[in-house]
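Inspection log for the structure reproduced underneath, given as structure tokens.
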């Protein structure tokens, strides 16, 4: 079974594709490739284009409260290269269609475990 940490990697980490070179169809391709269009179209998802070590390091940066009230969220000191994928209104499962938006924002992730690693993407600010 996929662990929470593995799920985070699959859903949110894309260290290979460099921002600025992404095509408008990036989200359509990646959401499909990373299994986020199985059974339904995941409405919103964010990919982070930074080295994995830099994403994991966020777990040791600024401690903030998560959206659900938990206290195990951490905000990145720096703004990171991210891509937001959002379903477009005309999109209908199984033909999931996404708008690709490239941004530079601080990320907030929930971390847990030993080693202490990201397990949930909480927000971009």
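Each Cβ is built from the backbone N, Cα and C atoms, and glycine gets one as well.
The substrate binding site feature in Swiss-Prot is assigned to 7, 10, 42, 43, 44, 45, 46, 67, 86. For residue 7 (substrate binding site), the number of other Cβ atoms no farther than 10 Å from its own Cβ, over all displayed protein chains, is 14.
According to Swiss-Prot, the feature active site, proton acceptor maps to 12. The Cβ neighbour count for residue 12 (active site, proton acceptor), using a 10 Å radius over every protein chain in view, is 19.
Sequence-distant contacts (6 or more apart, same chain, Cβ under 8 Å) of residue 85 (disulfide bond) comprise 26, 27, 30, 31, 44, 45, 46, 47, 98, 99, 100, 101. Annotation source Swiss-Prot lists disulfide bond at 27-85 (among others).
The secondary structure of residue 35 (N-linked glycosylation site), as reduced to three states from DSSP, is coil rather than helix or strand. What Swiss-Prot lists as N-linked glycosylation site is 35, and the listing cites experimental evidence.
Take the CB of residue 96 (disulfide bond) and look out to 10 A: across all protein chains shown you find 21 other CB atoms. For 41-96 (among others), the entry in Swiss-Prot reads disulfide bond.
Taken from Swiss-Prot, the feature disulfide bond covers 59-111 (among others). Sequence-distant contacts of residue 111 (disulfide bond), defined as residues of its own chain at least six apart whose C-beta falls under 8 angstroms from its C-beta, comprise 58, 59, 72, 73, 74, 117, 118, 119.
In the three-state DSSP classification, residue 73 (disulfide bond) falls within a strand. Marked as disulfide bond by Swiss-Prot on the basis of similarity to another entry: 66-73 (among others).
With a 10 A radius on its CB, residue 120 (active site, proton donor) counts 20 other CB atoms from all the protein chains. The feature active site, proton donor is assigned by Swiss-Prot to 120, with similarity to another entry given as support.
Annotation note: residue 27 (disulfide bond) sits in a helical segment as assigned by DSSP. There are 16 other CB atoms within 10 A of the CB of residue 66 (disulfide bond), with all protein chains counted. In this structure, the CA atom of residue 120 (active site, proton donor) is 15 Å away from the CA atom of residue 42 (substrate binding site).
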